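What follows is a set of notes on a single structure, which appears directly below.
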């Protein structure tokens, strides 16, 4: 009996990753990330992947089938913002009887997203229940990549990322209302069909005061909390909050503000949920004493060891005690898991065609029109650039050649090829008897002159982008200007008048001999003197910069207020939210956010800065 139960177990995990790329980088690979959960079905939210950015290394891993939905909207601020993906661990993607491998899959929940229905065994759609919504409204709720549905025979799984709406954002509040109203219609329709429903994901709703660290007296008046509670069994609904059913009195959270250190004191909210609606899987005639939770849910809990800030971590503690530069890895959410038992196998089936393995763009086969036009434009620019370079070397092919000024090595970039040097040599041989001696070079002379310029330009580039002194921001840096001028040498003028020294080459005069070779003639004593002078000027600049920086630090330190609770220097922040205070700087306590009863937590100090921050 125990062997049968072990074979029929299934583990399901939901996790708001807050950027799938970052989590993959954190774990080394997508497969390492998935294997860390040791789960059969893994549902991620907030992947932050646009459809054109989806590649195989982000959505495909050996031993898993995946089904994803990315944002399709072009609305400002919403592109690449949300996104969900469901991974199913299977032994075989074809002719499998594993319950983890879905029979069918659907992107979105309105049924209007292109190619969302993928097999003959289509999920039932609803039409008569959605007559109050326009087609544009239905498409809008599915345009942000917030839902993937997979049918696992025993239940239909909804992987959801619910919209967030602040109290003064009327537009997003209306969107969130419509989102959940349409979703509820879909659930009710499936339940009328006799299907079981499993809903997992970040719903952006903390249902009860126990699920929020700072619940105030008006906490329960929120319309979305009232809607959530109305869906639960205890309030006449059809869903069970699985975590709360298993832990009725436990204060536990799944999300913490990432910029306030709230996870240090577990000062967060529980907005990541696992909900279930439907009957038990047992086929007994007497099901009155049976329920899915009591018969099949073995455990459900929060995987707190995935938190960014761990109590036992010294680095985490230092992050909120003056070590603001310390970066913590991880999402601002923690995963929630549920283990099921006595889950029977299903009939033989194959992977639905919505799987990432069948999506052409994942494998780089589909190109956008913009990418094609960009490639053509780059090709034409490279072709014209190459023709202009050949024109310099082949003086006899042009009646009149304008002086060419090389301003940057990146202005005319050519990928290395086997025939580029040969073409230059052949051109020079053909132009050997030309009357335009000013620009006709042998292949060796051309290469040497270009090499000299490249070295000079590389030196100028390095000096331009190396670390600058503080004074360089307040005065013109003559060294950089000279370096740039030295790199901007007119090739034709240098070769046409070799006897006239260029004003840019006084320090290192270049002499062109009849043989075509170039030599740098400088005296050893001049070089030593230049090095000594350079070292002394560098030391003077460093000393001056150090003094200036100390003065600035002292001024900054004097202007930073001390918080009232701990008498410690505050940290500066900038208002990013739109409104009359947008861009305005303010100071707050540097401690991690926590309950007001804890003296070690943030004391709540706040003070506006004297002036607004400059908008970038």
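Glycine is no exception: its Cβ is also placed from the backbone N, Cα and C atoms.
Per TrEMBL, the range carrying the annotation region 'Disordered' out of 409-439, 440-470, 471-501, 502-532 is 409-439. Put simply, residue 202 (active site, proton donor/acceptor) is 5 Å from residue 161 (active site) when counted between their Cα atoms. The Cβ of residue 332 (Mg(2+) binding site) lies under 8 Å from the Cβ of 16, 18, 255, 256, 257, 258, 263, 308, each on the same chain and at least six residues away in sequence. Across the domain 'GRF-type' (563-612), DSSP assigns 0 helix, 17 strand, 33 coil. In sequence order, 162, 163, 164, 176, 271 constitute the residues six or more apart from residue 204 (Mg(2+) binding site) in its chain with CB-CB distances below 8 Å. When Cβ atoms from all protein chains are considered, those within 10 Å of residue 202 (active site, proton donor/acceptor) total 28, not counting its own. Checked against residue 272 (site 'Important for catalytic activity') by C-alpha proximity, the recorded positions 46, 202, 333 yield 202 as the nearest. Summarising the environment of residue 161 (active site), the number of other Cβ atoms within 10 Å of its Cβ, over all protein chains shown, is 25.
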